[in-house]
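Enquirer: Got a structure for you, questions after.
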């Protein structure tokens with residue numbers, strides 16, 4: 001005797017077909033296979049006797065809705081109803097006896113959630129606030145939830161009674177995808193939010209501030225600009241259309257820098273001129289000193305000789 005104590009749960013939606021598998025590739029010819037719903041026999045099969053009977057289920061509402069697989073003994077229930085929920089027992093009697101238990105839970109088909117604005121009389125949603133309402137009717141044992149992407153925002157549960165559910169959601173603007181989901185233990189229905197109901201958030205545009213260098217002085221070499229790095233040139237190219245908000249402050253700074261450069265250049269020119277003048281004076285003094293030093297001995301020597309000759313000669317002339 002082989003018995004499976006585990007009960008296999010089988011969820012089903014009203015109106016669908018459900019097959020309860022026997023788990024046996026092929027039933028032996030001498031084996032007797034029976035299916036019961038609760039305490040009621042609903043199907044029986046024996047290959048040796050040629051019995052393939054499902055009429056037993058007619059008494060409990062399964063007329064023309066039960067099908068037996070002649071090879072495996074599996075049972076299929078078509079057009080299943082909520083009244084078909086309950087415990088099903090499969091028994092296979094052969095050399096050994098095998099049993100399997102199935103618990104069918106039949107659910108009403110879940111309605112599709114509806115999403116509307118909570119104030120439909122407004123012409124268009126405000127960019128600052130958008131109020132939404134997700135709702136379903138005639139549901140039980142379900143959960144209604146709002147999701148942003150895969151993140152749960154809010155949810156509400158229904159009781160055993162068949163009621164209507166509504167779940168509000170308020171956002172400033174839409175960023176990403178929003179959806180309303182209705183689900184029970186086994187099934188779900190999802191409605192995605194239409195972006196026409198609420199405005200999307202404006203794109204966040206970040207403008208980088210680029211500090212422009214002061215104007216280049218004429219005395220500075222123009223080759224300096226060619227030493228800028230590739231990243232600087234790319235940054236200037238990307239922001240060439242962006243007006244610099246600090247440009248009013250840069251104008252007086254640039255003027256001051258240019259004035260300072262002109263002052264330094266003037267001082268440098270004056271210093272160079274004075275140095276050049278001093279050098280010329282030193283060279284002139286040195287030249288004069290050299291000429292005087294060279295002329296002195298020659299001049300004084302000649303004058304002494306001429307003076308002596310004149311004195312002697314004059315004396316002779318005077319005595320005549």
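Note: Cβ is positioned from N, Cα and C throughout, glycine not excepted.
Pulled these from TrEMBL:
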DOMAIN    113-194  domain 'Ig-like'
REGION    208-247  region 'Disordered'
COMPBIAS  219-233  compositional bias 'Low complexity'
COMPBIAS  237-247  compositional bias 'Polar residues'
TRANSMEM  249-272  transmembrane segment
Enquirer: Take the domain 'Ig-like' (113-194) and average the pLDDT across it for me.
Expert: 86
Enquirer: May I have the DSSP-based helix, strand and coil counts for the residues of the domain 'Ig-like' (113-194)?
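Expert: Counting residues per DSSP class in the domain 'Ig-like' (113-194), I get 0 helix, 48 strand, 34 coil.
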